[in-house]
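Quick notes on the structure that follows.
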Amino acid sequence: MLRLVVAGARIPAPRAPGADVHVRAEFGGVPRSTRVVPGERDTAWNETLVWPLGARSLEPAAAVVLRLRQWGHPAPDGDLGATTVPLGQLAAEPSRPLALSDVPLVDRNRQPTGVRVRIIEGRQLQGNNVKPVVKVLIGEHAFRTRIRSGNNPYYNEVFCQHFHETLGRLLDEPIHIQVLDSKAIRAQSVIGVFKVGDGAALEVGGDGVSPRRRRHRRRLTLSPSWTSAASTARPVGRALTWKWLGLHRPERLAAGLRGYLRVSLWVLRAGDTAPEPEEPAGSEEEEEEEAVLLPRSLPACAATLQLRVYRAEDVPTRAPSPRRYFPPALPSGKRDGGLAVEVGFAGSTLPPICDEIRLALRSGDRAEKGDVLGTATLRLSQVSSAGTEAEGGFSGFLPCFGPSFLPLYGGGAVWPDPAQGPSTPGVSAATGRDGQVGTTGRTDGRVQPLRASQEEQGADYRGRILLELSTSTESPREREKDAVAAEDVARAERSLSRREYGLCAVFYSATMVAAGPELVRFEVSVGNYGNAADGTCKPAASATQHGRAVYDGNRYYYLPWYDAKPVVALTCFWEDVSHRWASLNALQAVHDRLEHNVAALRSLGQADDAARDEARRKLLRELLRDCKKALPQLETQATTTALDGHLRTARLRLLRQLVTAAAGTTGAARAALLPAAEGWLQRIAAAMPEPQASVPDVALRMLREGRRVACARVKPWAVLFRKSGAGGKLCGKTQTIFLTAPRGEGASGTVCAQLRVRLWLGLVAESRELPQHLEGVLRVYAETYENQMKLFGKWGVRGLPAPPGFSDAAGKAEPPKDELRPPRGWRWDGDWSVEPQRRLLLDAETNVAEVREEAYENESRRPGGEWVPAPCTDAVSTGCGAGAAMPPKEQLACPQGWQVTDGWRLEVTGAVDDAGWQYGASAAPGDPPPAWHAAEKTYDTRRRRRWLRTRRRDPGARGHQQDVAAFLRLHAPEEPADAEAWEYASFPGRRFHLQPRTGDLYRRRRWHRRLAPERPGPVAPVFLLESSPVRDGCGDARRGYFQLRCYVFQAMGLVPRGAKATADPVAHVAFVHVSQSTRVLAATLEPRWDQTLLFERVLLYGDPRGVRAEPPAVVVEVFDQDGGGAGTFLGRGACRPAVWLDAGHRRPPRLRRLPLNGPAGPAGDLLAAFELLHDTKDGSLAQLPAPPRMKGAFGIPAGIRPALHPVALEVLAWGLRGLRGGGGGGTLSPVRAPRLVVEWGGEALRTPPIADLAANPNFPVNAFLLELRLPLEEEYVPPITLRVLDTRDFGCRPELGRANVRNLRRYRCEPAAEGPPAALPGPAAPQGWIAQAAEGEEEEEEEEEGDWWSKFYAATGAAAKSRRGTAGDTLTVYKCELEAVPQFEGLQDFCQTFPLYRAAARPEGGEDPAPVGEFKGLFRIYPLPEDPGVPPPPRRFQELPPSRPQKCLVRVYVVRAFNLSPRDSNGLCDPYVRVSLGTKKAGGRDQYVPNTLEPVFGRLFEMTGTIPLEKDLQISLFDYDLLPPDQEIGSTSIDLENRLLSRFRAHCGLPQLYRIAGPGRWRDQLTPSRALERFARARGLPAPEFSADGGAVTFGGSTFLLTQFESGAPTYRHPGAPRERLALHLLHACHLVPEHLETRTLYNSTQPGLEQGKLQMWVDVFPASLGPPGPPVDITPRKPQRYELRCIIWNTRDVDLQDTTLTGQRMSDIYVKGWLDGLEEQRQKTDVHYRSLRGDGSFNWRFVFPFDYLPAERLCVLPKKEHFWSLDETVLKVPPKLILQVWDNDKFSADDFLGVLELELSSLPQPARRPRHCTLELLGTQRSWLCRGTRAPRFSLFRQRCARGWWPCSVEEDGKRRLAGKLELSLELLTAKEAEERPAGKGREEPNMYPTLQPPLRPDWSFLWLQAPLRTLHYAVWQQNRCRISVGLALFLLVALLLAFVYSAPGYLAMKLVNPLRSLHPSGSGDVTKVVMTVGKAKP
């Protein structure tokens, strides 16, 4: 017993507000439901649902389907979500309950979708010393990468976000990619951004144009999110792989690009496949600047769409309003509110959508969130051109439109659903009081998705809005909305002058009308003109007169118009856009004829060369003529708007090019005309759309009692008439139109009527030509009905109910006939006369072959009294009605032309007593009882019993058509009117009749009066009939009789309805007003009727040539007639018959497939043919032979019926897999003894049952033969039907499942015996790849064998990752599953797998049906000889392997996974592998790989299992969590039985070399020679014969030598014997499965169909019966190698001088900092070279960086913990990059950054030997990595091991890189062992060796000033100013001497002059001198 506990659900508020909900669960086809509870946000049930299992255990493949539904809403509208819960885990551990929480419910419209972004690396990010981090916003979800350092960071991180939204909501989810500097403040952290939100980028490379032109096109289409100039690789699906994004700053557009970011991005929906993660081969050499995706907002391509919304008109109202625009009353019944135009541009959405500008007219108090009145769409592809539609240098044009009107359409049933989500309006234009709209704005906001197609817009016209669209390349305005300038309004109004148009419609027939007593009429309108429900336009004669549907004698109903065809006409006023329509019609004519000729040429695929050449010549000749005819029309077209001029230029250029191409296609070029003509057809179709059509569509509506029940729309230009120029192709031609019910109204899409109508639309001024397009005589008359009521036995107007004295046919009041006046331009033609409208008087028995009459015998009594007779009554529709009084049944006479087959009989069945009475009690005297019962009670006052009799039409009477023609007086001369021609009815609204009857209380008569035009004029008189109660029609039109022959051969692939497995199909064929049916075939879905339906003398009005041009459609409907009644509808198809006006030239038609469409989509095909033959008076039709009579009906003639030939069907019925039983009453019955029934062509083949399905699911007998007769043509052959029946008690054989096998061509074969395989080589032609391998082996030296990973990397194209040579031993890597490789035929060459489904309809919600099991088998079809004496060919399925189960050893090699979906909050997961086979499991959660999305497992799992009992191998990846249960990432399943049985030998791949030892040792159980013998036996070939030495073998009739494959002795180690090597070569020549690695896609049951990642693996299967296998392959992952990088900083040159000394001198205190990318915590720096005055520095400093490196992947392995609390280390893989930065040391402020040098060790640029040669060109120019041919020479340090020289440092200034210094470095790379042998310390520490670093010789002034201030002063003052100081001191001494002289000179002179000592010593001067000298000594 299975118990399901439903606890509760969380319902999002917008999806089910206030609705009652319940959960519906289904298990094994048995549904269960919880109770209904109010739908709150958190809803709880806590209810248990139970399914009895009986004695059967739960199957591993079982599942429970859960649906959350709204109560009272039918499916699928009521479904809120669904999910499928697999029960495999519960089946494996039944004792452990399966607990699930937070199970996501998937909406049928909200399909699971995943958006995955992979950030790979950045290049040239702007900024100095940046630490960039990438922030990715997917919708509202944000992700961040790790922080990296430098301008070229490497990330390789993946982010994934899953959505469960509708497509419309998903379109509004943009992707923002931001590169931020983690060191900068928030306001200055943005380096660059890129916005992904346009589908154009996901279509890169898909248009096939040149790169330059593609770039131009991307910028002109103005999808404003991204663009691409070119593409280096074609994307897979919606994907961008390895693309560079140009980053920019939105607020600084003039600054240009800010760097580049390489990403891979893809959007995956259910069923999509993600591309491979490896970098495209050769991408480094082939990258171009054009490959960068450039932002749309860059100035080079910036553009602003400007949409001016001027005004609106014809907005729907509740009541007529005098105001022209935007009247206040609205149809929704709400109070008056505002109106707004909402504009949405899908320019920022993902996944890609069409380039639409969506407009919606909203109403309500808040117009932005009000009701949507109507929607419209502008497609940018139609209003712009990129210049690619026409060749020859056409430059295209920017988007433009109008000013022109754009019609809006809507309807209550098809308006956009507000429940899809909250409205996020874009640009809305609110209206003012005068209804004018003025808006100008950019349309780049997020908007609510509005659907734009005609089917989604709705069928009702909702008005028009006047728009103008322009594109500006100037800077965008700041305001998104603004008022329209007055001069723009005046300019727009000047071009909108209107003209009067007239529309005339002639209705020829209305058939397939639904039955009912209501009156039916048809209405034609253009916009609001002619729409009777709209009161803004004056009334028009736009509706036909009322009619009543008449039975056609078989199934359908029609309106009996016959020779009086209704004509309607109306006039309307629109802008003169006929010049646009004429150009469109001219192109349409060219397109239609070319399309017809292309189809004719395509159909001549197998015809002779002469016929095909003539068809090509005709195509070119007519194309040339049509183009030349259309050119004058386009050259003279008026251009009132800019778009008119652009479209005219583009179309003229296109036609001229077609003329040139058609004239130049001669000779050999004509042979390849078909592809070129198809291309011409596409180009014409692309140039045809006319967005400025302006005028609404012509609408045809069907009204039943005034209610619209069906509609159809016709484009106005298709029915346009023009005196000069191209008219519409349907103008004045009879066309067939199907009127369908509006979408969303219960009977959505149902065909309610089939109309044959002729339309004419043109200017009223040119309507003089209208009569030429009308057949017959136009009759116009006024009519009115005079009504009377019978009161007290007298007729009069007193007592009339609602109908007044005069009315129309429907009872609507009209003026008396005397008050009617003829319309303007018309006059009365005769007097009023009375004539009944006989088409309304056809009774319900018209065309009925058999009628059952009934009468109720009534009796009454007083309570307790006796029963007395009461008047008889007729039948009533309800069981309790009183009915109408009628004469006694004995007085009812049989009408003329009828025969009573039996007398009156009493009905005694049902709720009656033995005498047939029913009893009841009346509430009041005279009232009928409220209920009837079978037992008599004392209080009963009424009783009745029912009498029946049957009458049939007299076989000798006239036929149906003659009876109707006689009653309607068709084609009879007019008779004088009878003034007393009253029509009688029992009550108004009942059916009228001509002869009075008992009980008639109401009568009326029809007065009519002819009208005639007053005088001929320029205007057709029919357009003067508006607002007049007149009726018009075409009478006396030309008529003809036709014979329709319908050859209905067979229906194929019918889909049954309900729970039935079969059907009793019948085909109903309807043609105009007649129909017939085929016979009913019981219990089949492939009915072969083989029947001809003859429709004799079908009356068609009109010119027979017009019938041939536009024949009425033949409609075929197939019903399941099981149980009688109308049957169950299965499918419908329609086609046009072949028309032959002259039966003498008739050619028999060919049966063709007619697709049938059912309620749920395609419903099969019908093989039939139809022809319509004109019945002329010469009797030629009678000369045609009648179809043969077979089984009481006409059969198909031999010339049309396909010839049947004997065919053999061989069936290999191998077994049944995964079969699930079913039953009723809530019990799942186990499968007991199933058997297979194969049905084909009416024959059946039954297999013996499988006795024990659990022990052996294979059939006891596997090969069967079925001989039958079938057509040889593939299109006539029905599919093979497979049915699986179970054998149960009492002979019950329920059907468990079925399948239809189509496309039988793949199973056809010739009856000859099989020969040698075609893939075997000839005896003298060795295989190319073997020869190449042999040549390569001779050139290579013998080397050590590589491991398995060497083969793997060599196979993936990464030869550098292969550690050693593979010596020719290669591996094949498939990028898909092995069964998906085309050359292996899905591994189903022995037997295919056919899913079995229940024979029920499609499940609710539109989901795909779930299979109930699988059938494994194969078919072979071949012809048998016609002569029974010729022996049959040999059977195909003879050499079969044993069908018993066998035990096998299974080895599962799991190599790696990639593209996994994240499961942890850090965007990663911890995956581990779990393998299960049956009940066995392998793989533990302790063997997980932490923190990665691309794990490398390298795991081997060995398991044993019994195949086919355990055939499904399940490989699952789980995410390890600290606390179980672990989440499943994804899983994949492998059918091991197919691999074991496949003759491609898929159980173990063939190695390229045969080795007996070593890593590549042979691991299969069979040696190559034994495997070749086994292969020969399976193919029916003789065993191979080897020579004694093994160097030669005879196989398949040829002899092969080993020297043909090997030119010399093997160069690899451990080769096997020559015999085995030769056998292996032959096995490879047979194209068997080689040694391989397959890539499997992972899926998750919670997100069905959505890819969760890929897994690379392979499987070996070894049957135990063949012995033990060889050793397994060692795929243990390689371990990273330990390396040590030693970088010596010797010197610097020309480093920027950052500081300025006190004396103004520039200097820097230089030091160098370095680290390996990803190892920032191991950064090292040199000492400081102080006071560098010229940027020179000496260091002699050693950096030592140990790291782990994977040579195979060329990446460094960096295990580290993300956080200190992290449990596991995250292994990062980054390229080995050395980052060196030069800094200026500062003591009291932050150090200054001077320059950076980034060196990738695996791609080092060659250094310069001298400093003067060191420039930035060594690293390449700024964009050299994007350009070809300018890349600097590089080398790998891992190969060269050491390098020394000068490398340049750079710094960014003004967005550019400049040289900032030069570094002299020594780089040396050592392995761990070498580093241990040659130790060296960091810096100049010990051990200072290899080499020994001496202290640098720095200048004396290089020291720190704080340590020696006097020394600093000495070097700061004296060293630099010695000369200045010396000169200064000298000058100072001179000045001092001068000052001393000046100071002492006055005293000296005074002493000299005065000489006071002379008086003391007059005797001589000697004494004086002595005194002076003495004084001088005393006074110094």
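Glycine is no exception: its Cβ is also placed from the backbone N, Cα and C atoms.
Here the structure is a predicted model, which means the values were calculated and not measured.
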If you look at how TrEMBL annotates this chain, which of 806-825, 846-865, 926-945, 946-965 comes out as region 'Disordered'?
806-825
Secondary structure content of the domain 'C2' (1-100), with strand meaning DSSP E or B:
5 helix, 49 strand, 46 coil
Mean pLDDT for the domain 'C2' (1017-1151), as a whole number?
85
Residues of the compositional bias 'Basic and acidic residues' (814-825) by DSSP state, where helix covers H, G and I:
3 helix, 0 strand, 9 coil
Counting by DSSP secondary structure, give me helix, strand and coil numbers for the domain 'C2' (1431-1549).
6 helix, 54 strand, 59 coil
Which residue counts does DSSP give the domain 'C2' (1017-1151) for helix, strand and coil?
13 helix, 63 strand, 59 coil
